[in-house]
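For reference, the structure discussed in these notes is given below.
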Amino acid sequence: MSIIIRFQLVLLLTYFVVSLKLEDKSYNDLAKSHGLYGSDTKVIVLNVTNFKKSVYGTSNAWLVEFYNSWCGACQRFAPMWSNLAADVHDWRDVIKIAALDCADDDNNPFCREYEIMHYPSLRFFSANSKVGILGTEVEKGKTEEDIRHNLVHFLKKEQLEGRGSNWPNIIPYRSNDVLNLWKNVPESTRFAFLIFEEKESYLGTEVILDLHSIKNIQIRRVINENEALCKLMGVFTFPSLVVLERSQNVFPLKVEENSRVLFCKQIKSFLQEHKVLLPENIGNPIAYSSSTKSIVSTKQREHFENAVEQFGLVFQVDLENTIQYSLKSEIPVRKFISGHPLEALKKYLSVLVKYFPTYARGRMFLEKLKFKVQDLSTLKGQIFLEIVESLEAEMKPVFSNSDGWLGCKGSEKRYRGYPCGLWITFHTLTTNAVIENGNDPNFNSLEVLEAMLGYITHFFGCQECSRHFQEMAEKSMRQNVTSPEQSVLWLWSAHNMVNKRLVADLTEDPQHPKVQFPTEKACPACRGPDGRWITEQVLAYLKQMYSRHSIVHVGVMENQRVENVAKADTLHVQAKLIGTGMNYKIGMVDKKRLGWNFNIFDISLCVVLYAGSAVILILVFIKFIVRKRYRKKAYIHDLLGKV
Ligand SMILES: Cc1cc2nc3c(=O)[nH]c(=O)nc-3n(C[C@H](O)[C@H](O)[C@H](O)COP(=O)(O)OP(=O)(O)OC[C@H]3O[C@@H](n4cnc5c(N)ncnc54)[C@H](O)[C@@H]3O)c2cc1C
Ligand SMILES: *[C@@H]1O[C@H](CO)[C@@H](O)[C@H](O)[C@H]1NC(C)=O
Ligand SMILES: *[C@@H]1O[C@H](CO)[C@@H](O)[C@H](O)[C@H]1NC(C)=O
């Protein structure tokens with residue numbers, strides 16, 4: 001019976017893999033990201049082909065976000081960036097808001113060239129920049145307003161330094177004679193609005209930029225240091241708004257609140273009263289709205305608890321995707337690697353060689369890579385990539401030409417993927433180090449964790465993750481880890497702390513809620529009656545889950561591994577299923593086969609597949625038995641031979 005159930009699970013897994021295959025994702029597609037900005041935002045999407053053409057030599061400046069579509073901080077930042085782009089859309093002939101995704105492999109060399117060290121990074125490019133200028137880093141701040149203010153700061157500087165001469169004038173009006181206002185402006189200019197404000201205020205500049213497309217008016221800032229003009233106009237509170245006509249009429253305008261929106265509104269209503277034509281939609285920034293919380297219902301949580309994935313299947317394909325991304329994208333994106341980062345890289349390669357579960361070719365590849373890097377004292381990201389690629393070409397095939405993520409597949413593109421892969425990779429490394437060498441008296445319990453910390457510190461593209469992880473490590477890693485087993489448990493516990501922090505976060509995949517791992521259902525023995533962890537049980541669970549021997553090799557093409565294997569058949573994939581924990585896992589598959597979000601079509605296809613293969617099996621069986629029995633009776637043989 002249990003064989004049939006295993007067969008069923010293998011079939012389900014195989015189906016899962018086949019269905020992914022239909023989507024046809026090779027490593028390149030995997031690394032071809034789909035970005036965080038679609039057609040519903042005002043953010044201009046740049047890439048390696050259009051960046052230089054777009055950004056250099058234009059009369060407007062650019063503010064570009066370099067991001068990474070899988071990075072949680074970038075996902076959280078994206079709505080703010082879209083809001084900003086919508087908010088300053090009226091400024092677009094002065095400043096354009098754009099974004100470029102460094103997670104997209106095509107853009108990767110570009111991000112290396114621009115030395116993007118963390119995501120998201122904001123870079124300001126002046127008007128008429130020349131090719132080769134890498135832009136100036138701009139602070140992200142905490143709110144959209146912070147970025148807008150930083151931006152205003154940059155724009156003011158631009159004009160003071162003589163660029164952006166065709167932009168609206170945002171330099172303060174220094175003269176104390178209002179007659180000078182009418183010099184150098186077109187005859188048709190009827191009104192001049194003066195915004196009196198303090199030197200550091202952003203309001204005036206913002207209003208000028210908001211309304212600069214209205215013809216026949218000018219808006220200027222006057223700072224409170226221009227005391228003569230303040231006195232002349234009777235302005236003693238800041239900010240204040242005053243309108244002048246060419247005919248010398250002066251109208252002080254009262255604004256209820258010192259806000260950009262109300263200043264704009266007041267100016268516009270004044271103009272409407274005076275029959276000045278306004279362009280449509282001017283100065284009405286429509287805030288881009290997006291839901292900023294992922295809503296995970298209790299039902300979804302329950303559903304998830306029942307899903308097969310939660311019962312600890314680790315897929316070889318995911319581990320390989322992870323180190324491929326790490327070696328071919330994440331490490332090479334650094335322009336120069338030396339000092340601490342280079343030391344970290346060497347340690348990382350060294351633990352991969354020791355403990356990364358792979359085949360003979362994979363191991364040889366890793367060993368050669370380690371060997372090539374170990375004596376270098378400085379290295380360029382580009383060179384590292386070339387080493388990786390040439391070794392790969394030399395020893396082909398090294399990695400399965402992967403078909404997307406299996407265990408780390410998110411319900412949408414932006415969820416899970418690489419960060420998930422990195423966690424399971426390091427759990428796999430800590431666990432296998434202990435399983436294989438834990439009894440060695442010279443075993444260094446911190447070896448894998450130190451390598452991980454180094455990698456996360458110097459290479460992991462999610463800066464915020466990196467910072468948090470370093471803090472956790474600083475607090476407890478070296479203190480807590482005093483035995484081999486504790487290295488596995490420390491990482492487990494640290495991961496759970498991250499899970500706890502990310503519950504209900506925007507980056508939480510609704511289909512894969514953050515839980516304290518392993519769940520009650522997955523490991524009933526892991527918690528005592530008071531709900532506290534029983535760490536020996538947790539350890540046993542982790543060892544079982546992440547052991548080299550438990551890893552599921554579904555989706556790894558045998559013909560890429562073993563020479564002289566003529567043709568591997570997908571249905572022939574060897575799934576090494578978890579030994580001891582099999583029973584409850586199978587139970588769950590039986591009861592709740594919908595764990596993977598299969599729809600009715602999927603299920604029926606699966607049933608057909610299953611039934612089909614069952615029928616074939618039965619036929620083969622009958623043929624075999626009957627053949628044996630009636631070997632000598634030619635007429636029956638003939639008959640069955642046609643089946
Ligand atoms: C070092 C590191 C630090 C991170 N820090 C942050 C951060 O500060 N902020 C942020 O927004 N994102 C952070 N991330 C990303 C985040 O933790 C998740 O990886 C991401 O949100 C994808 O989540 P996921 O649902 O795929 O599950 P993940 O949390 O990625 O887990 C992957 C798989 O590991 C298994 N697992 C889960 N918990 C445990 C455990 N305790 N022990 C063993 N196995 C477990 C499960 O099978 C799970 O499916 C970090 C990632 C890494 C690698
Ligand atoms: C870059 O973007 C343009 C326009 O969106 C698109 O036509 C082009 O194919 C993209 N190039 C790459 C390499 O993705
Ligand atoms: C380290 O040990 C302390 C004390 O036992 C514990 O409270 C803490 O949770 C541990 N930290 C980690 C990350 O395991």
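A Cβ is built for glycine as well, from the same backbone N, Cα and C atoms used for every other residue.
The signal peptide annotation in TrEMBL covers 1-19. The domain 'Thioredoxin' annotation in TrEMBL covers 25-157. The annotation domain 'ERV/ALR sulfhydryl oxidase' is assigned in TrEMBL to 411-516. The annotation transmembrane segment is assigned in TrEMBL to 607-626.
Taken together, the residues of the domain 'Thioredoxin' (25-157) have an average pLDDT of 88. Here the domain 'Thioredoxin' (25-157) is broken down by DSSP into helix, strand and coil counts: 48 helix, 26 strand, 59 coil.
Per-class residue totals from DSSP over the domain 'ERV/ALR sulfhydryl oxidase' (411-516), listed helix then strand then coil: 69 helix, 1 strand, 36 coil.
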